[in-house]
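Student: Below are the features I grabbed from Swiss-Prot:
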type: BINDING; residues: Asp183, Glu209, Glu235; note: Mg(2+) binding site
type: ACT_SITE; residues: His185; note: active site, proton donor
type: SITE; residues: Asp258; note: site 'Increases basicity of active site His'
type: ACT_SITE; residues: His285; note: active site, proton acceptor
type: SITE; residues: Glu310; note: site 'Transition state stabilizer'
Amino acid sequence: MKITRLHTYRVAPRWMFLKIETDEGISGWGEPVIEGRARTVEAAVHEFGETLIGKDPARINDLWQTMYRSNFYRGGAILMSAIAGIDQALWDIKGKALGVPVYELLGGRVRDRMKVYSWVGGDRPADIVQDMQRLLEGGIDTFKLNGCEEMALLDSPRAVDAAVAKVAAVRDALDMRVDFGLDFHGRVAAPMAKPLLRALEPLRPLFVEEPVLAEQAEHYPRLAASTSIPLAAGERMYSRFEFKRVLEEGGLAILQPDLSHAGGITECHKIAAMAEAYDVAFAPHCPLGPVALAACLQVDFVAHNAVLQEQSMGIHYNRGAELLDYVINKDDFRIDAGFIRALPKPGLGVEVDEERIVHASRNPPDWRNPVWRHADGSVAEW
């Protein structure tokens with residue numbers, strides 16, 4: 001079998017699908033994208049594609065290493081996201097060719113179902129309780145919401161109190177019927193992270209995500225020592241080499257690599273195994289589309305330390321399309337009592353509606369994240 005062609009499709013809301021075709025008529029799908037930089041990743045995918053044409057798609061490890069190591073400059077969000085989507089599509093091809101789900105190729109399932117959670121509240125959390133109550137009625141009892149809005153390097157105690165008040169309102173309304181993680185989203189700098197974490201402790205969040213930016217990872221051990229809340233990070237780390245450093249230094253209880261940003265299934269399967277050796281949980285980041293989610297689930301079902309899976313149904317970014325709008329086998333993605341079962345179809349387990357994808361790609365979105373500013377006019381972390 002040989003790779004013959006790569007197609008990319010940018011579609012609403014902010015996703016990009018990749019189709020890799022072969023000379024035997026088997027095609028694989030991936031989801032390589034950086035939210036807000038889709039066109040840049042698209043260029044990288046096609047640049048890698050020039051070296052993939054004519055190659056055997058079954059040699060996934062060799063193709064991965066070739067894409068990663070054959071260029072002097074490597075890594076980073078753009079290149080690793082391009083590799084990630086290609087890698088997903090290659091695993092999809094191999095599973096389809098052999099007639100088995102990818103998790104069978106990775107050694108088989110260690111669990112029967114996977115716990116999932118939903119995003120609520122938007123960039124500036126609002127209507128949180130109503131959103132949670134609606135989803136709770138549908139069987140989802142675990143959530144994530146942004147833990148704060150802009151926060152200056154040194155901010156007023158009032159900013160801490162305002163953030164805590166929003167979270168307290170959720171706990172007061174729903175008590176312990178729900179679990180929720182809080183995403184600081186890199187908005188909080190080290191001087192403010194410690195008092196904010198301390199103030200949130202009585203509300204018993206499941207975890208705090210990106211308590212500080214990944215480039216400030218040296219603060220993770222210090223922050224972990226100051227709080228009982230499990231700390232999580234990883235969506236802005238792109239290879240096992242970056243995760244190696246945070247595992248060695250400690251501080252994180254949960255790793256959250258994104259399988260569309262951190263090298264795909266091949267790389268994130270290794271990251272999960274590394275985390276297990278340090279008694280650290282694995283909870284892939286995935287506010288993206290159905291192919292990305294399907295790729296995450298393949299690793300979730302073989303990684304013993306996988307604890308939670310993010311999924312984007314109803315997320316505030318989904319304007320123009322919902323998670324399953326481009327999926328034919330929607331029933332396979334059904335969530336029951338907060339869990340999803342292993343996808344049974346060969347490959348990644350997602351049957352995409354190619355006709356709808358092609359049609360949607362004729363009017364591609366150009367999504368950009370907003371630029372926020374502090375009260376003094378300086379740029380704030382979004």
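Glycine residues also receive a Cβ, built from the backbone N, Cα and C atoms like all the rest.
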Student: Between Asp258 (site 'Increases basicity of active site His') and Glu209 (Mg(2+) binding site), find the distance joining the two CA atoms and give it rounded to the nearest Å.
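Tutor: Spelling it out, the Cα of Asp258 (site 'Increases basicity of active site His') and the Cα of Glu209 (Mg(2+) binding site) are 13 Å apart.
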Student: Quiz question: given the recorded positions Glu209, Glu235, Asp258, Glu310, which has the greatest number of C-beta atoms lying within 10 angstroms of its own C-beta?
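Tutor: Per the Cβ count, the most surrounded site is Asp258.
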Student: Going along the chain, which residues six or more apart from Asp183 (Mg(2+) binding site) have their CB under 8 A from its CB?
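Tutor: Looking at Cβ-Cβ distances below 8 Å from Asp183 (Mg(2+) binding site), excluding near sequence neighbours, one finds Lys144, Leu145, Asn146, Gly147, Val208, Glu209, Glu210.
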Student: If we check Cα distances from Glu235 (Mg(2+) binding site), which of the recorded positions His185, His285, Glu310 wins as closest?
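Tutor: Out of the listed candidates, the nearest Cα belongs to His285.
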Student: Counting other Cβ atoms within 10 Å of each residue's Cβ, which of the active-site residues His185, His285 comes out lowest?
Tutor: His185
Student: Inside 8 A of the center formed by the CB atoms of Asp183, Glu209, Glu235, which other residues of the chain have their CB, for the recorded Mg(2+) site?
Tutor: Lys144, Gly181, Phe184, His185, Glu210, Ala232, Ala233, Gln256, His285
